[in-house]
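*Asks:* Below are the structure tokens for one structure; questions will follow.
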Amino acid sequence: MTAEESKEYMAKTEVHQLFEGMLTGLLYHKPEDHLAFLENCISLAKTEKDIKWNSFLDVSKKPLPPIPKTDGPIKSEAGDEIRTFTTEPEMKQKQPLPPINGTAHPSIDEDDKELTEKNILTSESDEEVEVEFSGQRIVFVLGGPGSGKGTQCARIVGEFGYVHLSAGDLLRKEVAKGNKRGQMIEDIMKEGKLVPQEITIELLRDAMRQHKDCPGFLIDGFPREIQQGLQFEQEVVESDFLLFFECSEEVMEQRLLKRSETSERPDDNIETIKKRFTTFVEKTLSVIGHYEELSKVKKIDANRSVDEVFSEVRALFGALPPKQVQKIRRKKKKVASNEEEDEYEFVEFSGQRIVFVLGGPGSGKGTQCSRVVEKFGYTHLSTGDLLRAEIEGGGERGQKLAKIMEEGNLVPQEVVIQLLKDAMLKHPDSPGFLIDGFPREISQDVQFEEEVVECHFILFFECSEEVMEERLIKRGETSGRVDDNAETIKKRFRTFMEKTVPVLEKYEQQNKVKRVDATRSVDEVFLDVCAIFGDLPKLEKKRRKKVKKAESGDDSEYDELAEAVDDLSRVVDGKPIRLRRKKKKRKEEEDEYSRNPVFEQPIVAEEFIPLMDDSIAKTDGKGLLNVRVIFVIGGPGSGKGTQCQRIAEKFGYTHLSTGDLLREEVQSDSPRSKELIQIMQKGELIPTRVILELLRVAMVNIPNTKGFIVDGFPREIEQGKEFENEIAACEFVLYFECSPDTMRQRLLQRGETSGRVDDNEETIVKRLKTFDNETKPVIEYYEAQNKVKKILAEGSPDEVFTQVSNIFENLPNRKTTSLHDYDVTFITGPPGAGKADLARTLADATGRTHLSVGLILREEAKQETEQGQSIKEAIKTGMLVATDLVLLLLTKMLEKEEKNLNGYCIDGYPRTEEQLDQFKQKVSDYNRVIFIEGEDAEIERVLKERGEASEREDDTEDISKTKLEVYNGNTRPISDSLGDSDKALKVSAALPKEEVVEDIRLKLMAVTELSS
């Protein structure tokens, strides 16, 4: 569940008001038995509908004085003022008020009326407004490139008067403008990739507002991802249906190549066409499946001629009734009085995104910030510029700062934070701040987030030291900056590595670091930056009531309450609670306590609102802990690579050569490849961070292997330690011992044909020396742990492999990594119960992969194969597909999907106990089955409604009844057989989806408590 979904749920249930009331009551009463107090609050909440912040305050502790028994006026003294209140007997003696009607009330002219309305709260009056685009039919039009959807849209426009909006044409018009955004879009289109959805939606909405009188819109080529459709329907208007033009790849390719002869479009070439086909299949087909689940897809066979296709399209649109404009009544905005306005204030910096921007000196972060400012309207605050401005202003502090910067040291954080806050307060309307060069120490960010505002994420520009130094020296020739000289540059590099890298590590643990490769050109880097900022949702400003201090002057309880309520609000927003300094003790108490500030540990929202308990499925979230990992070490030319290949062939291990991974990176012609070539030519070791990154990516992409033999790693003790801390434990080290002379001769012989830059006499000598100095201590380190198995590598490959085989053949059996190392959750239930929707919601909320067995079967049924036809017949009659066939297709899809360490949500499976048993025996164990339960009568009602709106042949009344009977006879018994085990979770289909998700969460928590 995302932060937005959490906020929607909390707003709908008003549970935050319940929490606020209970928290207020706790702090007000301070009961000895707090649990009993909370139970009483919850009991009261079940009967009281309108829970407020003071609903649980017992004011009987301080009763009001009794009303005096007198017929005279009641006086109340408030300071020097004496107020008189009319008693009931006095009111009875007065003349009654005139009736409220047009004659009794004095007339009010328009000017007086306007003035009166400004001073009177009009919250009770309503106004009627039209829902934008509600009277216009919204049709998404999809089809592969070359399916002819554009041509068909043009004919619909001519006959039915719709407005055709082609997402592709809108984007190409933007390209034609020649601006920076147009250039960015053109580069993306040439790569065959999808343009960021915010740009497309913005262009579409602007175009739609220019045609408010048309009957509808054909939005061609949109959405291409599910999220695009969801965001469009959330921000613009809900679609009526999706028009899908089905066409074979061969026909589409033929049409596009023919079009390229005259179109001059940059994306009409064979290479880009292939990429576009791949993108369409990977991204857009899932959109079709999503809208099919909503019964909102209307398919057209587009392999035919234009006239034949339009004949079917005409029949479809001709049968559509006109849409009526929808109007809603809403409360008019009330105009608050000055007194009331004074009671509220904007939460400082709310609605503004706070981005820390980090990168080594010369990484180009300042240039990129300037471009973000120009494109996205952010305010760029460079701590360096703020400090230099202070220096230029002169004064004692400026002189001190100049001296500190010349020495390459960091400026005291109190000065930096104060300068930043003052600068931020000058831009209250900015959408966000790019805080460049901050924080450079962990303590800086702690103090900033405590005293100013929380950071949303860090934008980190990665760049090699050589590139940065070259840029800085070149800049120093013209900049005149006191810190742009070679000596200071070296000091700044050392300071950056020592101080700033720990900051990145901290924020990476919070998943709040976005990295950009800054070794490339300015334009290439900015493309990546745009992709990051283009996906960010808009933040809203928040208002809060001003907190008043207690009359007694001791505001500690008020502060405590205000902080607690603020914490609760941050939890609702999905944010961590602020770190707070403990308040200073009174003067007489200071001698007993330390004056050093004490920080409370942060509590993240997930601790209050856990969505899923991953500990049921994963031991430590790494997914590779059960893999056998073997480090393979030997000098260059020891033959370890050849032996690793033979191990992989005979024993089924995956061979990962750090050397090969590095050479592949060199051949990729990436910006990092030049850096690696220079290092290899010098015979030096590659930085550990690069090797770990390459290894981790390679291992994650092969999660179902028997094990890994990691060739050429580690070459330093720290490398091995970092690998075992971050990725997986090493079982043992396979060490190939070989003399330097033998290795040198082998390498020189290999260099005659290999073409490798490191196979020459000079480099070989350096590499052997490096190996002897650096790598042998690794052997000693692992020997101390009894983890080294030595192989004499002087003989022939066959002789050496005999020794190797003897080791591997005698290894103890060990459980290998399989799908069982991931969370596998099945969601099953009667037809029409919303299995796919629930599975998709759970997958989105927890980062899992969603697979729909029903969608997989329907896609296969379209194939003109014996297998496809048998599935088609089963679907048509409402019967079950053969277990072996279902399992085969599901397994293929699991193998095809990129492995997700978070796990999988699979809906529509199992349908029989046999299917569940077969999956467990042939594929993997599973973690849980979620059963959606409902009454047959309610299910039949839902199926009947769906059948009336659906065009699927298996949604007829008779087939729906058959499917329900099949479910009752085959799937319900699974629930009975699992009983109350921790692998079975039952939820009600009658509950709203949000409550079902919450129900599942609570049941998972109960399972966790029982297992512990």
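The backbone N, Cα and C atoms fix where each Cβ goes, glycine too.
Note that this is a predicted model, so its numbers are computed, not measured.
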*Asks:* Of the ranges 70-89, 90-109, 910-929, which one does TrEMBL list as region 'Disordered'?
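*Replies:* So the range that TrEMBL calls region 'Disordered' is 90-109.
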*Asks:* Kindly point out the range from 474-484, 584-594, 859-869 that TrEMBL annotates with region 'LID'.
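*Replies:* When 474-484, 584-594, 859-869 are checked in TrEMBL, region 'LID' belongs to 474-484.
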*Asks:* If we check Cα distances from PRO223 (ribonucleoside 5'-phosphate binding site), which of the binding-site residues GLY150, ARG259, GLY364, GLY366, ARG475 wins as closest?
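*Replies:* Result: the closest of the binding-site residues to PRO223 (ribonucleoside 5'-phosphate binding site) is GLY150.
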*Asks:* Compared by Cα position, which of the binding-site residues ARG172, VAL195, ARG276, PHE438 is the closest one to GLY362 (ATP binding site)?
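*Replies:* In terms of Cα distance, GLY362 (ATP binding site) lies closest to PHE438.
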*Asks:* Of the binding-site residues ARG172, VAL195, ARG276, PHE438, which one sits closest to GLY148 (ATP binding site) when you measure Cα to Cα?
*Replies:* ARG276
*Asks:* Taking only the Cα atoms, work out how far VAL195 (ribonucleoside 5'-phosphate binding site) lies from GLY146 (ATP binding site), in Å, as a whole number.
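*Replies:* Taking the Cα atoms only, VAL195 (ribonucleoside 5'-phosphate binding site) lies 19 Å from GLY146 (ATP binding site).
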*Asks:* If you count Cβ atoms within 10 Å of the Cβ of ARG276 (ribonucleoside 5'-phosphate binding site), leaving out that atom itself, what do you get?
*Replies:* 22
*Asks:* Which one of the binding-site residues (GLY146, GLY148, GLY150, PRO223, GLY366) has its C-beta surrounded by the most other C-beta atoms within 10 angstroms?
*Replies:* PRO223
*Asks:* Please name which of the binding-site residues listed here, GLY146, GLY150, ARG259, GLY364, GLY366, is nearest in space to ARG276 (ribonucleoside 5'-phosphate binding site), Cα against Cα.
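*Replies:* The smallest Cα gap between ARG276 (ribonucleoside 5'-phosphate binding site) and any of the binding-site residues is with GLY146.
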*Asks:* Among the binding-site residues listed here (ARG172, ARG259), identify the one with the smallest other-Cβ count within 10 Å.
*Replies:* ARG259
